[in-house]
């Protein structure tokens, strides 16, 4: 195709038409092809993923009637192994999961070695998941309230024929569990964990919420970023299959009690302190978590006497029950806030999500040979590796008072929650220690207590019958403590106890008697008394001029 020297390098309309006619072509067809190509590119770029999401939403909701699943957009790339999604909702009668957007990458090009070491936490990662704007909200317990309706003989209004559905579901789950256990034990390479031994999940801006419009406050756990890794490793006992592990780091974590939107009642009980959206129970700049749970194996037949004697001590030590627990490590900027108001909100949440059925608890039966082994307890451990603060807040005549505690690195808390019920019920255990304790109050004379270490342990025994007396035992040991006493502290702690105690008369239909036993042991204890003339006390922050009396006690 030739062009004039005076013209531009771009062909004119006539030249283009002559060229197309000469080669048995047509400009109209070229124009239509160009328009259709542009339209197809625009459709693939802006509308194809949304239409696929709409089609998937219709198909999934037609298959699953009891839930609502919404997918705003969905796209995938086979070459890069990438799946992208946006505006994903999963909503049922008890909870909802919402994801703003995210993607996952499956590295299918990585070489698969079926002979690699089984349950290796250091194996290569093939699956990456990234999520933005994650929200998990629990607002109901339908199954539990349906069971209460059946227990109290009420007309079932939540889920009809619940007993038959649960029975069929339990039978199916037992069958599936036995099948899964046998299948994995026969051929470990057939499990999907051999293909994807490690899964990495990154979450940007997440929230966990527990509450609804029937509760005055909603418990929220907010975090900015979470970097999690799921893998498996060999179990703690040779009788189990493997151990699930989820470990990672959460940044800027805040546990809050926020007012529930559209609350049906009256907000008469005001929090002692508002920090942002609500009352902050706990906050930390960075939190490391380590969640572990053994996949129970089958209970084996009892060995003969000769075989038991032949077993070594190492084998006997490995015959431990399956482990289940969560380790939490709090870093810098860790603050805890609690008090009577927060405890009342905890009680409301507890009564709604874990309502009492007022029935005697059944003794947990021992697992028979051929059945999965039982997990006996859940272990929760919290370690503080940096300086932290603990505030105990309460109100008196709408005025906020506080007990402020500074603790040092190395403080920890351990909670043991039993999962089985014995002949005498079950017992919780809470223990921990606080290092380098420095306690002050909101009074004008702020100094209260200094101690090198404060160790505590609480044992709570719950009988099988719900209204039988409970026994609580508390042991406290204080090392190298100095307590500054003035008489005004008597009224201060009396106000704290009155705010914590309920003003209403106990309900006989829900009242549970309990008794506390305290054991307090001081090591190298010293009490300092203010002894100024005319009972005058200097409360200045610097260079206090107070006459004091010291009462040391070596033990």
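Using the three backbone atoms N, Cα and C, a Cβ is placed for every residue, glycine included.
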67-85, 86-104 - the one TrEMBL records as transmembrane segment: 67-85
TrEMBL annotation (transmembrane segment) - matching range among 27-46, 47-66: 27-46
Range among 157-187, 188-218 that TrEMBL annotates as region 'Disordered': 157-187
The domain 'Bridge-like lipid transfer protein family member 1 N-terminal' (1-550) [mean pLDDT, rounded to integer]: 84
